[in-house]
């Protein structure tokens, strides 16, 4: 147990030590200040502005929103066509045919929205061109869009009596050039050094060391080893909280995540930028205490989730504990729940990844969440159901938590009978309506989607498990879509018209509705003047506010999802211990 605590602590300490300086760097990128990469990248940046005709025009929130939607729509059309037509396009050594219309729609919606839900297996259903030119490019762009919207919101707090929130095209260009590309290059090289594949070779057939005899008597003497440009996609899928694996089993695949060191790199990359953005927020609003307060709230929720998942998976189930074949060589010490986990990562590496990937809207996996204990699986589900605000996706996680902060100061204002304020700006009914829209988009979409799927005979027949766990598989799928996460309980037959279309629509809804509402809040705040701090102003940087913020986040999650969780993982847990 002490070794496990040491590992958990080490992961978290490294994360904090990396996030603080990166947050300062991102703040400089946002403000177009000089950074150490400026001499190298500035000529490329200016060339892009010149070729595309991008100027320094300040956009109001409506124009910024239109730019976000128009850019995403163009990306949607391109990626949808690429999925349909990949069979007649180059860089397809395996001759993989185009995807069906519904799978193409689902995949396109998934990657445009930074969700990366995968109803396909990459090595058998997508060509190198689609993976590289389609999915990898969208991993960069969708992450950049989320961070750009956060930048606009920060400007809404810092600017006074204005209407402009910055220029979307300049924000997006700088985020990709100065942040996402450099980090991805470094991580890609490190992953290749560990054995992650990066090539354009055809798949290779290799002889097995020991042949396999099937039940029907046939003998298998060889296997197909997939190839491809995986490392470059894996790097940005982690850094951009995208999560879609190059291979079907994601980062549980030995060619995508070969070693314990690659596992550490990929795992830290999940939360690196979301955590750093908290410090960017504090720096750029010129009050670092505010950024630290939000970081501590997120970090506290992450630690609670990590502890519950870790203890649950380490203890296993009563059935495993009674089985003398699963132990670590010590008397009466269970080996934990190793079902669905890679032995090279173990319970600690798998539990940490599960907490990180569902706290962020990443969704990549190095173990199968469907095989987690009921409580461990429930916590991963709840992290998504909270709206992906425990760090969450790059950009969108922080602006989601800021929406909760606005609700928190409003509730506190009602308690003391004062007009609520946040960061020197008055919070009025318009901001509250938009904040509630941000916070309610996720639970509404999850619950409606899960309810419709639960009464669909086609979906029920596709489940590999019945009863409480079968319902959990449905609830997890729609929680993943509603949280823009992308991970799954794998027992659900995902590649059906109903699942592809319904989940695709939910992903689009929960991505763009909160995004536009966030820009609307920014557009309202930027026009307001700063309010002087008074005796009655609620401090939003102390432990009291942090506690209130955590309480509000958990309250919304508990009230919204407890009935559904009671029918799924909680019922399964009670059945298990009965």
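Cβ atoms are placed via backbone N, Cα and C, with glycine included.
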Range among 134-154, 197-217, 218-238, 239-259 that Swiss-Prot annotates as transmembrane segment: 134-154
Contact call for the transmembrane segment (503-523) and the transmembrane segment (543-563): at least 3 Cβ pairs under 8 Å, seq gap 6+: no
The transmembrane segment (543-563) versus listed stretches 3-23, 175-195, 397-417, 435-455: most Cβ pairs under 8 Å: 397-417
Long-range Cβ neighbours of the transmembrane segment (3-23) (under 8 Å; 6 or more residues past either end): 264, 267-268, 271-273, 275-280, 282-283, 291, 299, 303, 306, 310, 314, 347-349, 352
Spatial neighbours of the transmembrane segment (134-154) far in sequence, C-beta under 8 Å, 6+ residues away: 26, 30, 61, 64, 68, 71-72, 75, 78-79, 82-83, 107, 111-114, 116, 126, 165-166, 168, 171-172, 175-176, 179-181, 184, 229, 232-233, 236-237, 239-242, 244, 273, 277, 280-281, 284-285, 393-396, 398-399, 402, 515, 518-519, 521-522
Per Cβ pairs under 8 Å, the stretch of 65-85, 175-195, 261-281, 293-313, 397-417 packing most closely against the transmembrane segment (435-455): 397-417
